[in-house]
Amino acid sequence: MLKRVRVFSGRDVISILYFGLVVLGIAYFLGDRDVANFFTTIKTMLPASDSFGAIKQFISNIQTDGSLGATKNGEVFEEIVLEYFPRSLSVIATAFLLAVTFGVTKGIFDYRNRYTYLNFLGTGVTSILNSLPDFFMIIVLQWVILIHFNFIDFFGHDQWFNFILPGILVSLYPMMYFARITFTSLANEDGEMYIQYARAKGLNERLVIHKHILKKCFRSILQHLGVVMTYVVSNLLIVEWLMEYKGAAWRMMVAIKRLDVYKPENKPFAQFPEVGLVAEISFCFVVLLLITQIVSVIWQNKYEVEKRNIWLQLTKVFFQYIFIWFFVLFIISYLNPEN
C-alpha cells in the first residue's frame, strides 16, 4: 500500500499560521482597525488582473518568440543572462566557500577558546560582527580599501581577479553566521558521555573536536547551508551595486531602475521594459538556492543516525521553492513602467 506523501510538517503549518496572524495584525493597524478596508485598498492599488496579465504575457512571449523579450539594442534577455550571471557565479562560489570553510574554522576556534583569554577574539568578535548590519560592514571595508589600497585594481570586472574582493565582502556576514551556528552546535554537545569517554582515553582536544564532536554535529550544521546561500545572494545585490561589479545582480538593478520612466534618462527605455530580464535573473538565483538546499538535504541524510525517506525530503524542498518562485514572479509581475 502506497504511503501518503506529506509535504508540510506540523512546524510548517504553525509557521504559515503565524505568518497569517502577522499579516492580519499589520492589516489591523494600517487599516485603522478595519482589516477589510486595508485589503480593499491593496486590491485597488495592486489589482490581480495586472499580475495575471503580465504572467500571461511572459508565457505568450516564450511560446511565440522563445524568449521573454529583448533590450532597446535588440539583445535577447537570455544572452544577457549568459553574459552576466557567470560573473556573479564566480563571486557567489567564492563567498560561499569562504563562508562555510572559515565559518566552521572560526566556530571551532570560538569553542576551543571559550574559557581562555582568547575568548574576546572568539565569541566576542563573532557576536559583534553578527550584530552589525551587513551593508555597514561592506561599506566600511570598501572605504578602507579605497583609501589605503587604491593602488590595486579591485573594482570593475575586466581583470580575472576582480571577483575576489566582492567574494570576500559578500562572505563576511554569512561567515560569522556560520561560525555562530558551528559554535552553538559544538557547545550543545558539552557534557555528553562520548566526549567524556574520548577525553578519558587521553585524546587531545583537537582530536576530540574533529573526530567526535564535529562529526556528531555535522547534520545540525549542514541544515543552515541554505540560509548561508540566502545571505550570500542578498549581500551580492549590495556589493555589486556599490562596487559597480557588472554581474547579474547589478544588471537586474539597472533593469529595475530603467522602469522609472518619469526620469529623463530612462525615457529611451520606456518602450523596451526589461521586466522579463528581471524575471530570468531572479529565476537563476532561485534555482541556485534550490540546488543548495538539495545538496544540504543529501548531506544531512548522510550523517543521520536514523535514515529518513530522502525523496520525501527532496519533494518537500522542491514544492517549497516552487511556492517561493511563484511568489517572486507575482512581485515581479507588478514591475512595469505604467505603475
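Including glycine, each Cβ sits where the backbone N, Cα and C put it.
These figures come from a predicted structure and were not determined experimentally.
Per TrEMBL, the features are as follows:
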| type | residues | note |
| --- | --- | --- |
| TRANSMEM | 12-31 | transmembrane segment |
| TRANSMEM | 84-105 | transmembrane segment |
| DOMAIN | 85-296 | domain 'ABC transmembrane type-1' |
| TRANSMEM | 117-145 | transmembrane segment |
| TRANSMEM | 160-179 | transmembrane segment |
| TRANSMEM | 221-243 | transmembrane segment |
| TRANSMEM | 277-299 | transmembrane segment |
| TRANSMEM | 311-335 | transmembrane segment |
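For the transmembrane segment (221-243), the partner stretch with the highest count of Cβ pairs under 8 angstroms, out of 117-145, 277-299, 311-335, is 277-299.
In summary, the transmembrane segment (117-145) lies against the transmembrane segment (160-179): three or more C-beta pairs, each 6 or more positions apart in sequence, are under 8 Å.
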